[in-house]
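Accompanying notes for the structure given below.
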Amino acid sequence: MNINKIALIYNHNSKHLAIIEEIKQLYNYCKIEEAEVIIVIGGDGELLHNIHRYMHLNIPFYGVNLGSLGFLMNPLDTKKLLQNIHESTVSILNPLLMQVEDTSGQIYTALAINEVSIFRKTNQAAKFRIEVNGIERMSELVADGALVATPAGSSAYNLSASGPILPLESNMLCLTPICSFRPRRWHGALLLSSATIKFEILNTNKRPVNATADFQEFNNITNVTVKSTKDKPVKLLFNKNHTLEDRIIKEQFGG
């Protein structure tokens with residue numbers, strides 16, 4: 001990948017400003033709108049926020065990890081930064097499109113790179129009905145919540161909720177309950193990425209529920225519809241010896 005114009009994004013309150021200044025001195029940068037690659041320095045959260053902010057530009061993102069986990073990031077190598085970008089591999093992520101309706105009848109939409117999650121708002125467990133492609137698959141799930149994860153997001157919140165990790169090219173989605181009470185033995189489902197999943201919230205007055213698409217939260221919802229969309233693909237760049245697919249495989253073996 002031959003790259004000449006790069007943009008740099010970082011948190012100006014970062015505790016790593018000395019390292020960031022070193023990177024700034026080594027390379028020339030342009031405005032984000034003129035860039036061929038957007039470099040995001042920080043952690044997964046910083047990268048996700050900026051993907052949501054700039055994904056409409058259809059410019060590849062290259063993350064440099066100065067956070068803790070950095071699953072979607074590349075290791076820091078200031079001297080070889082440009083070389084690593086030139087030699088990088090591209091992973092295409094298709095986000096989830098979430099549509100929610102709240103108790104006032106307002107309808108909202110949002111995109112998620114990792115997952116869409118719904119969860120109880122009070123100490124009362126949530127109750128909801130689940131449809132897949134217009135067919136009722138579960139008349140009542142009683143749980144703290146549930147989530148739908150992409151392959152890229154399957155190793156994040158989904159894994160913590162005991163969901164499976166999906167290979168990046170699997171064209172699948174994870175539907176995973178969060179602390180399921182009834183049915184107690186239900187551990188979720190693997191669905192084709194073409195599936196449309198709908199959650200209808202039951203007893204919303206007594207058991208209010210919120211929904212999130214990555215970090216965007218919506219309160220007091222009555223139903224949620226989730227599906228994958230190929231209309232807004234996100235390109236992530238990874239070092240050739242540190243690909244996202246390799247990391248997903250490694251995570252499955254306790255790496």
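Every residue, even glycine, has its Cβ placed from backbone N, Cα and C.
For Asp44, the entry in Swiss-Prot reads active site, proton acceptor. Taken from Swiss-Prot, the feature NAD(+) binding site applies to Asp44, Gly45, His49, Asn114, Glu115, Asp144, Ala152, Ser155, Ala156, Tyr157, Asn158, Leu159, Ser160, Gln216.
Taking the binding-site residues Asn158, Ser160 in turn and counting surrounding C-beta atoms within 10 angstroms, the largest count is reached at Asn158. Geometry remark: Glu115 (NAD(+) binding site) versus the residue listed as 'active site, proton acceptor', CA distance 14 Å. According to DSSP, Ala156 (NAD(+) binding site) is assigned to coil rather than to any helix or strand.
Comparing local CB density within 10 A for the recorded positions Asp44, Glu115, the maximum falls on Glu115.
Other C-beta atoms found within 10 angstroms of the C-beta of Ala152 (NAD(+) binding site) number 23, with every protein chain shown included. Residue environment of Ala156 (NAD(+) binding site) contains 24 other Cβ atoms, counted within 10 Å of its Cβ in all protein chains. All chains included, 16 other C-beta atoms sit within 10 angstroms of the C-beta of His49 (NAD(+) binding site). Across the residues the record lists as binding NAD(+) (Asp44, Gly45, His49, Asn114, Glu115, Asp144, Ala152, Ser155, Ala156, Tyr157, Asn158, Leu159, Ser160, Gln216), the two Cα atoms farthest apart are 26 Å from each other.
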